Structures are given as C-alpha cells and as structure tokens.
Amino acid sequence: MYYSVLCLWCFWMCIQFSTSQNVVNFKISEEQPAGILVGNIASEVNLNVSSEVSESLRYTYLEKNNFTALFILNNRTGSLVTASVIDREKICDKRYCVLSLNIAVRSTKTGLFNIVKVKVTVEDVNDNSPRFPDPVINFPISESAAINDKYPLPVAVDADTSSNFSIQSYEISPPSDIFGLIEGKRFDQSLYAELVLKKKLDREVQSFYQIFILAKDGGNPTQTGKLTLNIPIKDANDNQPIFSHQIYNVTLKETTAINTTVVKVTATDADSGDNGRVSYSISPGQTDKAVINSLFRIDSSSGNIYLLQKLVYEPGKIYEIFVDASDHGERPMISQAKVVIQVEDAGNNRPVIKINLLSAVMDGVQVSEASNIDGFVAHINVEDSDIGDNGKVTCSIKQDLSYNFFKVEKLDLVKGFKVVIKQRLDYESLKTHNVTVICHDFGNPPLSSSESFTVYVTDDNDNNPIFEKSLYVSKIEENNNIGYRILQVSATDRDSSINKQIQYFLQSDAGSKFAINSDSGVITARAVYNREKQESYKFHVIAVDKGDPPRTGTAVVLINIEDKNDNKPKFNETIFTFEVLENLEADTLVGQVYANDSDKGDNANIVYSIAAEDKFLVPFVVFPDGRIKTNRELDREQQSQYNFVVYATDKGTPSLNSTTYVTVYVIDANDNDPIIIFPNKRNNTISSSITSLPIATIQAYDRDEGINKRLNYYIQEGNANKLFIINVQSGEIFLNPSYHITSDMSTSLVICVKDSGNPTRSKCTQLNVIITINNSTLQTHQTSDTPNKYIIISIVVVIVTILVSVAIIGTIFFLRKMDQSRQKPKFQNNGPLGVPSMPNGYLPGLSCASSYSESETNSTGELMDKKKKEVSFSPSTNFDDKNMKNTFKEINLHLNPNASEVIILFIYLFIYLFIYLFITYLFI
C-alpha cells in the first residue's frame, strides 16, 4: 500500500513539476553601456500556460557561473539586461563568443518548473588596435645585402576576434624607395609581412634608417598599430684604404741617425670596425725587397718608416719603397703608395726637425675649432750641426692649404719654434689639415728639411640646428584619430658627433593638442580637432642639439584643419509661417527659409527643396536658395492653410540634411458676393398682420472671412413710404410703428446685402410682402422663420397643459373628498325601494365630484342643485379618438344623466382650447 501511494505521488509530482529545457539565443554587441536590453526570456519561451499562471512566473539563475555577474535578470518580467560594459576580449578567447546561462522558471501559484538555457552571443566590435610585440625594435641590415633580400618582421596581433577586424594589411610609412613590404598568410590565416630591400645600401652614404610599419585592421574606421624600425646599416668591407699622398718624396742626409723616422705614411678607410682598421707593410712584390728591408722598417700600425742603418750617398741613387695599406675585413682590401727617398751629400748638413705634439693622437694632434688665433699647436725642435750661416735655421709652413691656417713663430726664451693658429679653424669646413714644416739653413746653397703632421680639428658646438623650412604648413581632416601622423619636421646641425644629435620639442604655444617624437620630429595629433571651433593651429617647434651648452633652432608650424561634412544644416526657425493673399498670379513670392551650416566650402553650401511627398500636394515651389513661390492662383475658400516640409541639404559627400515645417496662411481677398438664402426664387413672399415682431428675416452668408464676411442689410427699392424698417446687422424686417395701415396691402421690396470688404460686394433679391388687417391667426409663407419660436411654443403649451391638468385633478380630488364627507351618513340608510343610498354624482373612474348645499342633505333621492364644476383634459386629448369615445361610454354608463355634469366637462374643454389657441396666436 505504501509503495502504491508513493508511486501515485511521484506520478502526480511529475505532472505538476514537469521539467523541460528550452534554448533561447540572444545577441549583443560588446562595449555597450550597462542597462542595455539583451532580450526577454518570457517572450521567447512558449510555456503554454494561462495568463494567470504567466503572471505568477518567476525567473532566477539556476546556478551562477562566470557570466551571471555580467547580466541583471528581472525575476518578474524575464528581461535580461547588461550589468556592466562587456569586453569580449576579456571573457572570450575564441572566434565565437557564446555565454551560457541556465535560467529557472517557476510559478508561485502552481508547481510549474522549467529550465531555460540562454545563450548570449557577444558580437565583436572593432575596439582594439593592432599591436606589435615591441613597438620599437633595432633591425640591423648589412650594406652588402642584395636587392630583393627579405627580412621577416614581427607579426602584429589584434585582440578583436572577428575576422573582419583582424589584421588586413601592412604598409610602410612614410613610403620608401629603399624598402618595401611583402605580405602573406600562414596556415592559421594570420597575416605576416616581410621587409624587402629595393635598392642597394651604402653605409658610407647613410648609416641609419628609421621607418614605421603600420598594421591596419578591417574595421570602419580602421584601427592602426605602429612598429618603429630602427635600421642601422652594418658595414661591409667595400672601401679600400686611401693614402693621403700617392707618392711621398723624402730627402735624407747620409748622416741621418739610425732609427730616425724617415717618413710617416697615412691611409684612411671609410669602413668601420675591422673593415676600417688599416695596417701598413712593405709590398711583397717589391723587387729589391731584401735591400729595402735591410735599410728601412715600417711600423704596421702607425705607418712610420724608420732608418735601420747608415745611408751612403751615391750620386743619382734613390730608394723607392712600395707600401701596402690593408684593412682587416674578412676579405681585406689593399691600396698602395710609393715612398721616394733621396740621399743627400753631408758636406752641408740639412737641419734636423723634430716635432713635439703635446696632445698627439695617431700621427697628429687634436685642436678644437674654438681655439683662439695664436693658439699653440706644436713645438718644433731643429738641430743643425753646421756652424756659421750653415748652422742658422729658420722655419715656415709650406705654402699649401694649411699655410692659411697655421704659422711658425720662434720661441723667445727657449730654443725652437712653435706652430700656432693663424686663422680660425672651422670643423664644418675642413676637419683635417696636413701641416708641413720646412726648415732651412742659410748656407750657400741653403739646405732644408721638412716634417709633416696632421691637425685634427675637433668639433665645438658652435652651430645652431637649422630647420629645412622656417615655416611648415600641413593639414589634417577634422574628427581625426588620436595619434594621427600630421607631418615631420627636420633640422640639421653642421656640428659633429653629439653636437649634431638633435631632439625636437614643441613650445608651450602648441598646448596639449599636439605631440612630437623627440627623435624623429614626427608631429602627431593628441586631440580630436573640430574645424568649426578652430580652423588652424600655429605654434613653434624647437630643435635642440646635445652639445654643452645645447644650441637651439626654431621653426613655425601651421596646421590647417580641413573641413569634414559633420554638421547638418540648421534652420533659423523650427516652423516657418508665411502669409500670402489669395487670387495672386502664379510665381508670387511667399517668403524664404534660411538655414546655416557650420561646415565650410561645399559642405556648407545649402540647397533647399520641398519634401517629395508634399511636392504635388501643395501649390508651392521651393527654389534652391530657399525662396518659396506659388505655382498657381490660390483660393482661400477652397483651402486657407497649407503645411509642408522643406529640406535643407548641403553639398558635402555624403550630404547631410535637415527639415523644417512651413505653414502658409492664405489671406482672404474680398472675392465672393454675399449669398442670400431667403428670400429666393422659390420662396420670396411673406404674409403678415400688423405686429411689432419681425415679419421676416433676411438670411445670407459670405464665403469670405473676417471683415469681408461681415454683412449689412438694406432695402434698395420698394420702401419709398418708409413702411418697413430693416435691422442693418441682423436682417430682420419690421413694420414701421409710426406708419398707419388702414387696409390690406402688398408691396415688392428689393433687399440688398453687402459685405464690409474694400471694395464692397453686394447681392440683391426681391421680397413680396402682403399685409392683412383681421383678427384671425396670422398666416405666413415665410418658410425661413427661426425654429426657436416653435420650441418656445411647444414649451409654453406643455407648461400650460401641465398646470391646467394639475388644477383639474386637484379640483376633482377636492370635490370627491367633500362629497364623500357629506354623503357618509346616507350610506347607513336605505334609499327608495330599500336600496342603500349612494353619493350622488360619484362615478368610479371619472375625475369629477358633486357638492350639495346643507339644506338639501337630508332629502334622499332628490336631485341636488349642482354648483358649477370645472373639467380639464390634457392637451393631447383627441375628441375623435376611440379612447374619448370609450370615456363617454363610461360616462353614459356610470354618470347620472345630469346636464350640469356635462356642461362642466365642456367648460373645462373650452377653457383649455382657448388657452392653447391664445398662446399659439401670440407666438405666431
């Protein structure tokens, strides 16, 4: 038994709590504000319940998950709204983002329970810009790279998962004739790019490039990510060492000491690193290499050639040394110079020169370009073992280019000479000076010798950065993207090294609306510009070098904001109201509508037009300049007001428009004659007796309006004797009370009606009037009497009828009471022949009564003298009616045939009829 009950209970519960699962799909775009309706579960799920049960349904989350906090569920209506802004990229990492929610639906009145699976698809919007792993990378390329060499670039990533918003293209900015891009797709459909070399590189011409790689997605507007590529050009050993002289001529005395520096050869290599490091050696192809090697030695680093043993003068004998300069590249490049050494007889010795360089570097000395004139450069020590004039020595600078910049002065206190600055050095004009000092004795012939050294002019920060232009003019379209590249400024500095390194800054007059890359000089937008608020911006940009102290240069930047068609035309008024007089010819100017557009150029040029749906409904034409004209004559009586819509459309691309409402009131012109309703051709005769009341009323109207429809009435003809008086405003015609009428008469009047317009318009008609003198009820043929008279007659007749009926009923009731009180004792006695006496004159169903005098109350069966009674009938009484006949039959059956009773009834009837006729006479 227990199990049977349990099974039945379970079966009943299954019926009551039948649980089914429905699936509801909603869609919503990401990044929408909180409170956006996602959907209504109640309207999407069909539970097949009554309206009463439907109102008791409650909606709750069956269980909470990571997504329930994103939505707010109304437990009564089933509406699902967003609780906060949904960022699809934060909650989904898949191409398709579907959020699943399990909603429990239950009834508070029944056992209904249901589970609804809600799937909310979050649709992607283009709210993320492409991003590179690193915004700035160094990307060295060798100058030996071949044309069309490819270099893979980092792949940009767009957090938006929709394929439409993924990376769609890469491009180089600014466009380059050196580098290009090749795009391709990988197996995962991601777009990659490779940098392609389009021209041969030369590090010695340009050692560094900076380009920008832009990754663009497919959104509208397009989002852009930027990668800065800093491309240093790696050196390739493509330059030979170059000697300062191809041939070095040297004269040595045979007495020259061993290990004396014979000459210093110098070669430079434009390459860098090992490719530019030069070593010197005697050429292995030297034919007399053994002899040369026994007499001379060359220092591989400095290029100094030393004497290894004493020389012996031999007439005509010279020594030729072929020196190789080789760099240290993987494939060394070699150049060659020749040193020609001539041995001089020592009979008169040449001066021996020794140059002392205080700040020696390599084969020379560094001198700042900021050094003053007469500044010290080098010390010259000269030895001449001869005596007399042969031992006296003087020195000078060889008359070449260096002669203009340097001079030799004899030291006062010590032995020797010094080389000083003769003219200001300029690093930017000439960076090195090969100075040759020549010293000669005063022998006969004089003998001379020379020594050379190199002066390396070091840079001083003495030049301001100079912009390529003093005024930069650029433009940008309003409603731009922040970060948009507007232009690039560039300045150069003639200084070198750190003194020529330039950074760019904006002056304070640029405000916060612009930014500049301090290294590249690229100016970008930091705000969204609105041309309608400001059409241009003018500010200063500063180039600052890194010298100490730094020097600056300034340029002016003018940025014009180009107009974008982002403003609709705006009408001066919401509703334009105009008035135009009717009956004017077509092409009459009604008025003009005006609108303003805050844009510029074609974007602000406005064309006006009438709405297409109104074009054929109203009699107006709207011209492009806003003028409104009629296209036909207007008739106010047909239509007094027109309403239509006017469009103002600018000429931008795409064009924008706005609308306004136009109301045109048609002003009345007095173009309609009064229309007379009465009298007319069919009804133009009236008959009247002499009365003070109006005998007729002229009825007319005018289709115009205002003062043009105000009517005045007058009698034009037929009233020469002034018999009639007409009310000018109401049109009522009266008989002149001062005119004495003695007999019936008739006359024909010409009645005219005129309006109050300017000019006035009038209409006339004929009225025939018949005047009768008699006592009968006035008859009138005036079919146009005012209906109010009949209403008054009816009301008065009804009131009089009610009053007379009440009086008759009251009188009868009073007489019946009197008669009953008088005849009461007689009901106790028998009348003649033993029949009980009845009150004389009492008949059931008849409203009448009899009264007797006191002297006759004791006389049973005798006729009593009747007092005069009054009988009243209602106004609806019809003496020909069958009911009246039945009434008289009842009177004949129940009323004693007494003449007084009949007379009283007829008196009442006569009184009522007289009152009725009298009232009718008065009003008619």
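A Cβ is built for glycine as well, from the same backbone N, Cα and C atoms used for every other residue.
As given in TrEMBL:
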DOMAIN    20-132  domain 'Cadherin'
DOMAIN    133-243  domain 'Cadherin'
DOMAIN    244-353  domain 'Cadherin'
DOMAIN    359-467  domain 'Cadherin'
DOMAIN    468-571  domain 'Cadherin'
DOMAIN    572-676  domain 'Cadherin'
DOMAIN    695-789  domain 'Cadherin'
SIGNAL    1-20  signal peptide
TRANSMEM  790-815  transmembrane segment
TRANSMEM  902-923  transmembrane segment
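Put simply, of 20-132, 133-243, 244-353, 695-789, the stretch with the most CB pairs closer than 8 A to the domain 'Cadherin' (468-571) is 133-243. On the 0 to 100 pLDDT scale, the model's mean across the domain 'Cadherin' (244-353) is 88. The domain 'Cadherin' (244-353): residue composition by secondary structure is 11 helix, 46 strand, 53 coil, according to DSSP. According to DSSP, the secondary structure content of the domain 'Cadherin' (20-132) in residues is 16 helix, 47 strand, 50 coil.
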